[in-house]
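J.: The structure that follows is given in the form of structure tokens.
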Amino acid sequence: MAEVSCRKVIKEYDGGVQAVKGIDLDIADHEFVVLVGPSGCGKSTTLRMIAGLEEITSGEIWIAGDVVNDVPPRDRDIAMVFQNYALYPHMSVFDNMAFGLKLRKFPRDEIKRRVDEAARILDLVPLLERKPRALSGGQRQRVAMGRAIVRNPKVFLFDEPLSNLDAKLRVQMRTEIKKVHQTVRTTTIYVTHDQIEAMTLADRVVVMNGGHIEQVGTPQELYHHPATRFVAGFIGSPAMNFLPCRVQDAANGNLAVKVTDSIVLPVPPARADRYAKYKDKSMILGLRPEHLFEYHEQGKPGWTRVDLPVDVVEPMGMETMVHFFVDGVPVCARVDPATHAEPNEMLPLTADLNQMHLMHPETGQVV
Amino acid sequence: MSTSVATAGRRAPTTAHKHSLHRSRMWALWGSYIALGVFVIMFLIPPFYTLMTSLKSSAEISAQTGSPWIVHHPTLANFWYLITYPNFQRYYLNSIIVTVLTVAVSMVISVLAAFSLSRMGFWGSQTLSTGVFLTYLVPSSLLFIPLFQIVGWLGLINNFWCLVLLYPTLAVPFCTWIMIGYFSSIPKELDEAALIDGAGYLQILWKIFIPVAMPGIIAATIFAFTVAWGQFLYPLAYLYTSNQMVLTVGIISDLIRGDVFQWGKIMAACLLASLPPILIYAFLMDYYVAGLTAGATKG
């Protein structure tokens, strides 16, 4: 069990390409941290540097109070689960899990005790004698996790462990990973490009983009208070709507954001102070699809009616996604399936402006 | 109406397609059988003729009456002569010593070389890999004269130990090349997993790479064995007394006296000499074909 820290960690490849551009990150003991971001954002490189599989160009990595920059992977006391499982094909499930312990010269009965314990947690007991090729994808993934658990390391590292599984199994394994972490409480760093995986698993999520950390926070913080337009757009599915707008005075003396001539949205009083200094400036309005829904006669404070021409209707069962275009910008709303929406007709909607975000168009910072 | 027309129009080509598919498959099968039949006959006639001749007495061979393909008075005399002939026993033993040592030396060198070239990624490893392959392209007939100088300088002329030194130069490049291919096909995550599990490079090689690349190792072993067992030019050039000779040169120098070819004994010796390769191929082939990497990563 241990805390992990990155101090100004930079990874530069031959040819001067910087994959990781100075990362500062502190991970507490027992914490489950997920690094999430699009392909090439440096999340896997960061994980591999923590594992010791990739050299650090500059900066420091600390594990359990020691700088490990020059410590080889085997002496870092970490365990890693790979995307493609990386099971030893010629060894049985038992031997795969026992390999690390055998190399570390553990006594035979201790190895057996630990492997049996891990197999019990992961429901692998009937498969211990099988070879990896006789296992399904989900079973292989569990063996890979078992191999990590038996070592009882200071830190677990997961590198996109569920990407190779089909959608149903992925959800199932996600729950299992969470369950395992609740049981063993080992500090865990988990890399994924799937924001739903990140949100469901993490104590804290680290959103990365272009070798930088965009924001670190709990899933709820990232969802409700994104720091940048990138985070706002990356977290949440379907993605947040972004509309160019202008902050101006409303007729009643309050503040409003003008999206088009016909769409002028009053800013809730609670936010007026914060947005006042952006008056007469061009900004970006961010509103999640779930905060744009069917029109209710009995509104709440901060709710505003908006009428938009329907482009496409996507019924999902428990909800219906309706797509619109506002001045050529695509907008999505999440409405009750009972709502009658027909393409090319106007649909009255409620915009919950208590949940709005205003972003600077150049810096992308949420204000 | 339009529907029925559309359906009819669609169905006709499907049937024709099926029919032609069946026919083309049939032709392909016939073609394969004929080609394979020709190959089988071409490859099996010489060993069959060898076997027939080896079972004949010298008198029957020289009589030249009747069909040469049939043995009228089969005899094992040729085989018995060779088995009890001390020179032949000597050649056989020398061949075994030379081959076993060549295979062992070649495999140790090429497995270590291939592992470092394919996995350790040091400066110049790419160029070295290409270099290894280029060495293989140099024909042995071009090398035996300069090698004669070296062998002479080492004082190993007419000593079968020189072959243990020379054969690896033929076997190692190709074996290394095969092994680089096999090792490269092992996913990188496998060594990374082993590194994190606590293995050093030698442990990764010994406990992961060698077992996983066993089909490749067997392929390379068969190649090294074939080179060492069947090489003719080097022993012909460097060995000249019976006690040092290996089978390939021993058979022709001992059983061809002047212009007298003892065909029955030569053929029997050839058959006896081909026993080890046949046994090795037969036993290792299944293992050689079996893929061991299945299940390592997502299939």
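Positions of Cβ are set from backbone N, Cα and C atoms, glycine also.
Straight out of TrEMBL:
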type     : residues  : note
TRANSMEM : B:27-49   : transmembrane segment
TRANSMEM : B:91-115  : transmembrane segment
DOMAIN   : B:92-284  : domain 'ABC transmembrane type-1'
TRANSMEM : B:127-148 : transmembrane segment
TRANSMEM : B:160-183 : transmembrane segment
TRANSMEM : B:204-230 : transmembrane segment
TRANSMEM : B:268-290 : transmembrane segment
J.: Hey, which bits of the same chain come close to the transmembrane segment (B:160-183), Cβ under 8 Å, at least six residues off its ends?
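T.: Same-chain contacts beyond the ends: 94, 97-98, 101-103, 105-107, 109-111, 113-115, 117-119, 129, 132-133, 135-136, 140, 143, 147, 151, 154, 209, 213, 215-217, 219-220, 223-224, 227-228, 231, 234-235, 238-239, 244-246.
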J.: Taking residues 6+ outside the transmembrane segment (B:27-49), which of them lie with a CB under 8 Å of any CB in it?
T.: 68-69, 271, 274
J.: Six or more residues beyond either end and a Cβ under 8 Å away: which residues meet both conditions relative to the transmembrane segment (B:91-115)?
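T.: Tertiary neighbours of the transmembrane segment (B:91-115) are 132, 160, 163-164, 167-168, 171-172, 175-180, 182-183, 201, 205, 209-210, 217, 220-221, 224-225, 227-229, 242, 244-248, 250-251, 254, 272-273, 276.
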